[in-house]
Amino acid sequence: MRSVATIRISTLRWLLPIIFLYVLAGSLQYIGILSATLCNFIVLFLFLHVFQFYSSWKALRLEWPLLFFIILIFLLHDYYGSPLSYTLTYFYYLMCTVIVAVSGRLYAERFFKNYSNKTSEIFFKISKWFLFLQVVMTIIQSTFTQSYIDFSRASIGYEDAIFGTLFLQSDAALATVCELMILAVYILPSNFRDKFIITIMGIIVIFLGNSKAAQFVVLGLLAIIWLNFFFQKTRLYKYGFGFLIGILVIFLGLVSYTSLSSYIFDFIQQAQYDYDRKDEWVTAPRFAPIGEIFQSGISWLGQGPLTYYNPIDKTWLYNSGFSTIYVLYFDYGLLGFILYFSYQSFLIMKIGLNFVIKLFMFIVLLTYTNFNFALTDISFIFIFNFVLFLIYKIKTSTNVKGKIVC
């Protein structure tokens, strides 16, 4: 039998990366002890312990598109003629996603193994304490924003100053963590009290932050949940209402076809206009990169690593804001874009148990990657994989596999 000391060391080894990532790292960055990149390296190192298990290496089978992407960036190194440091930076980007994604799923596996039929209950207790801490921190940050920025030893933008205890300026990641906890409490078996507390605290944190996309998404997700619950309880699907809704959607689609076509045409025109005036200001219009695609045509291999944004020199191709989509497309073209999003799609389709869960996860993923750089955002990568796999483990062990439990 293992000694008490051995058990405690093992437990600490599993807990330390989570505590550091979601509670401590932000404070260490705030007082200037560590940078965000150094914190990432520390978390990656702390997560490496999961690879002592055979199941971790087996889990890498799901990461095959990213592993192929890693091989590709080295094969194309001479083709682009970029400095080796640029290629190695991309290697770091992709390894962040690989290591943390596998860790997230392995943590969910161990969490379920340790608590079995109490997994949901324990997870929601942790979620409530975590969200309570974030509510307190975001209230302080939103109330004393300028003072909070002034006291920081690191640079913080005013719009990104509400990030709870996560990494500095991780307001979007914090909002996504809240979204996933809210989704979990409705998808998994839970009581009304847990639903109410987690939903209210999650919404408070999201709306205290400045991520408009997250605010819109969380309301949309809750609307889908409640609509789905209404149809389940009233059994309207059995009376043909589902068919009628389908007919209604088709009818509205046909009626709005002209206006939709006009909207798409106007969007293309606006994107091209944005691209034409991309150099007029320090920051370019948000859709300028899309305008370049329309004007220049599709690029299959892109322009080489760190083209869109170079974190080494702190330079932009043109600054239309961070976006995983823009970075992948301009750096490695449509091929890089396809490899990354085929990986995420394969993951969701493989582990998501039904259409509703897959829909939720795709909405969260696409919203986050459109407005943020996800490859090195460890707090997002971990919680996304953890919640997705935890839902899979719990629901495949119960009789609620095909339902949202409300």
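Cβ atoms here come from the backbone N, Cα and C positions, even for glycine.
Annotation source TrEMBL lists transmembrane segment at 7-25 (among others). Tertiary proximity for the transmembrane segment (7-25) is limited to same-chain residues at least six positions away from its ends with a CB under 8 Å from its CB atoms, namely 34, 39, 42-43, 46-47, 49, 103, 107, 110, 130, 133, 165-167, 177, 378-379, 382.
Annotated transmembrane segment per TrEMBL: 31-54 (among others), in sequence order.
Long-range Cβ contacts of the transmembrane segment (66-84) within its own chain (Cβ-Cβ under 8 Å, at least 6 residues beyond either end) map to 60, 90-91, 94-95, 97-98, 301, 303-306, 332, 335-336, 339-340, 343. The feature transmembrane segment is assigned by TrEMBL to 66-84 (among others).
Annotation source TrEMBL lists transmembrane segment at 90-108 (among others).
The transmembrane segment feature in TrEMBL is assigned to 129-149 (among others).
The transmembrane segment annotation in TrEMBL covers 161-185 (among others).
Under the heading transmembrane segment, TrEMBL lists 192-208 (among others).
Summarising the annotation, TrEMBL assigns transmembrane segment to 214-231 (among others).
The transmembrane segment feature in TrEMBL is assigned to 243-265 (among others).
Annotated transmembrane segment per TrEMBL: 316-340 (among others), in sequence order.
Positions annotated as transmembrane segment by TrEMBL: 347-368 (among others). Panel annotation: around the transmembrane segment (347-368), residues 62, 101, 172-173, 176, 179-180, 183, 187, 213-214, 217, 220-221, 224, 228, 374, 380, 384-385, 388-389, 391-392, 395-396, 401-402, 404 of the same chain, lying at least six beyond its termini, place a Cβ under 8 Å from a Cβ of the stretch.
Taken from TrEMBL, the feature transmembrane segment applies to 374-392 (among others).
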